[in-house]
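To keep things clear, I will list the structure first and then write my remarks on it.
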Amino acid sequence: MQFQLFSFVLIILNCVDYSHCQANRWRRSKRASYGTNPICKGCLSCSKDNGCLRCQPKLFFYLRREGMRQYGECLQSCPPGYYGVRGPDMNRCSRCRIENCDSCFSRDFCIKCKSGFYSHKGQCFEECPEGFAPLDDTMVCVDGCEVGPWSEWGTCSRNNRTCGFKWGLETRTRQIVKKPAKDTIPCPTIAESRRCKMAMRHCPGGTRTTKKKDKKNKKKKKKLLERAQEQHSVVLATDRSSQ
C-alpha cells in the first residue's frame, strides 16, 4: 500500500515538472519567434498579426498603416510627418497636424516644411507674411525692410508750378523704420505719385497768359507788316504805270 502511494506521488511530481518545462519551453519559443520577426524588434510584447503592442524604454511606438491593415513598430525616432511624445507608460509617435509640414518638433511647431514652402515661427507659408522676406537658399522667412506710414499727398504741380496747367502730379512718401536682415533683401517703394487736377489752371497775371498775348501781338504785327508791304507795292506799280 505504501509502495503504491509513493508511486502515485512520483507520477504527480513528474507531471508537474513536465508541465512546467513545457510552459517554459513555449515561452522561450515565443520569445525566439519575437526575436526573429522584424516587426517585433524592440518590443516588450508583440502580436503576429498586429506587431508591437508595447515598446522597450526610450523607444517610440509607431502605428503603421498599410491599406486596411495597421501594426505597431518600436522605433528610435519617429518618421517624417510625426513627432515623439514621451509618456509615463510608453513613448508614442503622434502625427503632425500642421499644414504643409514635413517634420514637427511638437504639436504646433514645425521644424521642416514641405518643398516649396517657407518656414516661419514653426508654421509653413507659400509666401512670407507681411514685414518678412524669403530666403530661397534656406526657405525661411526673415525680418524684411520695415517702412513707416505714408505721408499725406503733396501739392498738385507740374514743372515745379502749381498753376498754368490743367493736370499735374502729386506725391507722397514714407520712411524706412528698420533695415532688412540682409542687404540683398529689397525695401518696398518709399515714394509714389499719381495724376491730379490742378486747383488753378490759369495763373493770376502769370507767364502763361502773357506768352499767349505776346503770340497774338506778334501775329497782328506780322499781318500789319504784310498789308503795309502790299500797299507799298501797289503804290509803286501805280507810279510806274503813270510815268
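Cβ coordinates are placed from backbone N, Cα and C, and glycine is handled just like the others.
What Swiss-Prot records for 144-204 is domain 'TSP type-1'.
Swiss-Prot lists Asn160 with the feature N-linked glycosylation site. According to DSSP, Asn160 (N-linked glycosylation site) sits in a coil region rather than a helix or strand. Note on Asn160 (N-linked glycosylation site): other Cβ atoms within 10 Å of its Cβ, all shown chains, come to 5.
The region 'Disordered' annotation in Swiss-Prot covers 202-243.
Summarising the annotation, Swiss-Prot assigns compositional bias 'Basic residues' to 209-224.
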